[in-house]
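*Asks:* Here it is: the structure, laid out below.
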Amino acid sequence: MVNDVRRRLPHYKSDWTDAWDYRIVPSTGLSCLPGSFGCLIDWWYRFEKTNMSYGVNEVLLASVLGAVVFSFLAAQPLCIVGVTGPITVFNYTVYAIVTPRGIPYFQFMCWICLWSMLMHFALAITNACNAVKWVTRFSCDIFGFYVAFIYLQKGIQVLALQWRAGDAAAHLSISISLLVLVFGYVCSWLGNSNLFRQPVRVFLKDYGTPLSIVFFTGYQYIGKMKHIDLERLPVSQAFFPTTERGWLVHFWDISVGQVFLAIPFALLLTILFYFDHNVSSLISQGTEFPLKKPAGFHWDIFLLGVTTGISGVLGIPAPNGLIPQAPFHTASLCVTRWRPDEAEENKGRTEVVVYHVVEQRVSNLAQGLLILGTMTGPLLVILALIPQGVLAGLFFVMGLQALEGNGITLKLLFLFRDSSLTFGGEPLKRCRNGAVWAFVALELVGFGATFAITQTIAAIGFPVFILLLIPSRTLILPKYFTPEELGILDAPTASLFTLESVGGGYSDAPQSSGNSTPV
């Protein structure tokens, strides 16, 4: 699709290199597809934690619903919408709370979603998304770090259950998951390197991980391994729910008291989606992406309310903005080029400059329709062949890639790197070393507290804790860090242009251009 659109970039001749002649055209925009495979693992986790209440078809349909609705109607179609790790935590925590008390789960979840839909409408009508301008990298990095570790944790938990099939199956599953991790990560690394020609790099970056899944699904049938019975994905009938029910939830088969009991749960779900979806939208429209089309946070939160209500009625998990798939999607649509770094202290280095972003709705819709295709009978049979070890490896790939580009990780690497080998233009070198350590420590404390809460029955309230990160950053951190330090340590998530629809941006220092990366 977009990859077929070759755009002729203007040429710039320097004294020593023709770096501008080296063109990188946008990829297909489908490099977020590995994350779409991740919805299968989200389904597996729900399947195990909710006593088969959700199956593969429910999660696939939720992903299709989000993709189709947001690709056609959203003001911010670059944000990939699907089933996330945090909503998985929310769903199985609700299940653990209500089912022992005899409350029908699907009916209760339906009312949670319907109440939440009305709350989303209220947020949109009252322009509550104006508060998005106070969201900085501090809270986004903590949340992204949390999501990355959720992926890694789920991968480990998947492998921990493989002993049900025996020792040989468990060890083979672990081996396969690690091989998927290595091959998937290497393909991603090669795609971002200067090795091979540009079409090869784009292919490896976009399709290396999906092809690793295909190969290692068949890998188990090589030699003596074919005699080992591995845990695989159980599937249901094409386009039918997993359990014996229809797609319409009988939400009227519940007591009036239980209907109103769903309100506080709906409030927590609304807080989660308000933060999660807006952060996903912000990151997918980050300062590193020179976007030309305006944002629309208020409309999109209204639209998210619509999909949340529909999800409740259908008995499927409610979709919302995906991290890291959303920024991966935008990055895959960037037209970039190499140029020499003009800073004197970085002489001899080159940097990748984002020329522009191919802003369109087709790639989001295409990946949604491809997911819809997996609900057909023949493809469900193929999905049933995928070992759970392969999907555990995919979780590791997604978690590692999310960690790799996270601001907390980058600051930690700066702190542990030999200062004499750090290039002179590194902005963090302009901060006190103690300030960087203190800022990273605060971020890790925020991450640790969030992660710890989600390991208990109190996980139902973790959206409130995440939301509190925003006022904590705004009211507390300026007392201990200078405006210049905060401007470097905690840059705005999105540009002023993106935040115009919410009343402009907020920061402690002038924004950097954010559209170049030293190499």
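Cβ from N, Cα, C; glycine included.
Where the annotation comes from TrEMBL, it is an automatic prediction and has not been curated.
According to TrEMBL, the protein carries these features:
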type	residues	note
DOMAIN	1-159	domain 'Bicarbonate transporter-like transmembrane'
TRANSMEM	59-85	transmembrane segment
TRANSMEM	105-126	transmembrane segment
TRANSMEM	138-156	transmembrane segment
TRANSMEM	168-190	transmembrane segment
DOMAIN	170-492	domain 'Bicarbonate transporter-like transmembrane'
TRANSMEM	202-222	transmembrane segment
TRANSMEM	254-275	transmembrane segment
TRANSMEM	296-318	transmembrane segment
TRANSMEM	365-386	transmembrane segment
TRANSMEM	393-416	transmembrane segment
TRANSMEM	436-469	transmembrane segment
*Asks:* Look over the recorded stretches 105-126, 296-318, 436-469 and say which has the most C-beta pairs under 8 A to the transmembrane segment (138-156).
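*Replies:* Looking at each of 105-126, 296-318, 436-469 in turn, the most contacts to the transmembrane segment (138-156) are made by 436-469.
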*Asks:* Taking contact to mean three or more C-beta pairs under 8 angstroms, with sequence separation of 6 or more, is the transmembrane segment (393-416) in contact with the transmembrane segment (105-126)?
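*Replies:* No, the transmembrane segment (393-416) does not contact the transmembrane segment (105-126).
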*Asks:* Within the same chain, where does the transmembrane segment (59-85) have neighbours whose Cβ lies under 8 angstroms from its own Cβ atoms, ignoring anything closer than 6 residues to its ends? I mean 6 or more beyond.
*Replies:* 32, 35-36, 39-40, 42-43, 46, 147, 150-151, 154, 276-277, 280-281, 284-285, 291, 294-297, 299-300, 303-304, 306-307, 310-311, 314, 316-323, 325-326, 328-330, 333, 357, 359-362, 364-365, 367-369, 371-372, 374-375
